[in-house]
Amino acid sequence: MPHSYPALSAEQKKELSDIALRIVAPGKGILAADESVGSMAKRLSQIGVENTEENRRLYRQVLFSADDRVKKCIGGVIFFHETLYQKDDNGVPFVRTIQDKGIVVGIKVDKGVVPLAGTDGETTTQGLDGLSERCAQYKKDGADFAKWRCVLKISERTPSALAILENANVLARYASICQQNGIVPIVEPEILPDGDHDLKRCQYVTEKVLAAVYKALSDHHVYLEGTLLKPNMVTPGHACPIKYTPEEIAMATVTALRRTVPPAVPGVTFLSGGQSEEEASLNLNAINRCPLPRPWALTFSYGRALQASALNAWRGQRDNAGAATEEFIKRAEVNGLAAQGKYEGSGEDGGAAAQSLYIANHAY
């Protein structure tokens, strides 16, 4: 039987567990504002705004200047490296702006996906080199949690056993390194919604991927109470001809989680995966109304699904900043309700909130 060499002290474990629980306190979720410079280029070009460092700062300021209404629905904000060191118009660092609201600051630490040779276009994620040193610095600079994204895709031949195993192991290495530095790792194995597969196929693949991830986390002695999971919801592929209800998506999603995610994990913060703002809220709401026991907080870690209406309202104009911030607050509040199963739906069929945010082969 393997011996246990304690990786973390009782104090370290308590700190990690406390941070994780703060982020997913009832009715709270995560704003993912960690789009890379390249991803911001796509967002800004949609509204005809040049992708400069100053414009990226101004856009992040729209989100981060939200008033105290967001305290009750946002538990954490994921920053990109550049944003972590930017300030608002008054010279106040964004990190302090967020911390002063009692919101936990997080940082994206992976360095993007790279091809896995010998596979059918599958990938792994790079960024383990120097990660411990970067985590130590980020912790000093105010970050208490981190995010690392792995990507898997569903096709006839994928995900392969190799891709599942490699990505599970890289997530576990990342998680272990974060915890050694007092940072809560968000483990993100995203199964892309590309393809014409049905709900059952996505559920099956999600179960296989999550089972591998938690096996790897155990192998690497990761302290589960000090982690969060950021999975896809179980949904059909974007090209699937069958339309499923939020209730069907919720049942498939919660069933997959119940079969694979230990109850020691404090929270599951779903990615929105290109769903429209409204769809992402309705599905999260249905998940929290699902009639199965759910031992974890089930909440959101949304990027596009919290930002699309705000971006549309802003359009790079200073005069629109206030209105854009209001749009963000509205989505944050809606998702805070959905995370408690208390959202009744907007009744809006049109408008920005109903626009699909799907991008094929999405890479940040």
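Note: Cβ is positioned from N, Cα and C throughout, glycine not excepted.
Marked as active site, proton acceptor by Swiss-Prot on the basis of similarity to another entry: Glu188. Taken from Swiss-Prot, the feature active site, schiff-base intermediate with dihydroxyacetone-P applies to Lys230. The substrate binding site annotation in Swiss-Prot covers Arg56, Lys147. Residues or ranges marked as phosphotyrosine in Swiss-Prot (evidence: similarity to another entry): Tyr5. Annotation source Swiss-Prot lists phosphoserine at Ser36, Ser39, Ser45, Ser132, citing similarity to another entry. What Swiss-Prot lists as N6-acetyllysine is Lys111.
The shortest Cα-Cα distance between Ser36 (phosphoserine) and any of the recorded positions Arg56, Lys147, Glu188 is the one to Arg56.
In sequence order, the recorded positions near the residue listed as 'active site, proton acceptor' (Cα within 10 Å of its Cα) are Lys147, Lys230, drawn from Tyr5, Ser45, Ser132, Lys147, Lys230. Contacts of Lys230 (active site, schiff-base intermediate with dihydroxyacetone-P) defined by a Cβ separation under 8 A and a same-chain sequence distance of 6+ are given as Lys147, Arg149, Ile186, Val187, Glu188, Glu190, Val268, Thr269, Phe270, Leu271, Ser301, in order along the sequence.
Note: the Cα of Ser45 (phosphoserine) and the Cα of Ser39 (phosphoserine) are spaced 10 Å from each other. Sequence-distant neighbours of Arg56 (substrate binding site) (same chain, 6+ residues apart, CB-CB distance under 8 A): Val37, Met40, Leu44, Glu82, Thr83.
All protein chains considered, the CB of the residue listed as 'active site, proton acceptor' has 25 other CB atoms within 10 Å.
Nearest by CA distance to Ser39 (phosphoserine), out of the modified residues Tyr5, Lys111, Ser132, is Lys111. Mapped onto three states, the DSSP output places Glu188 (active site, proton acceptor) in strand.
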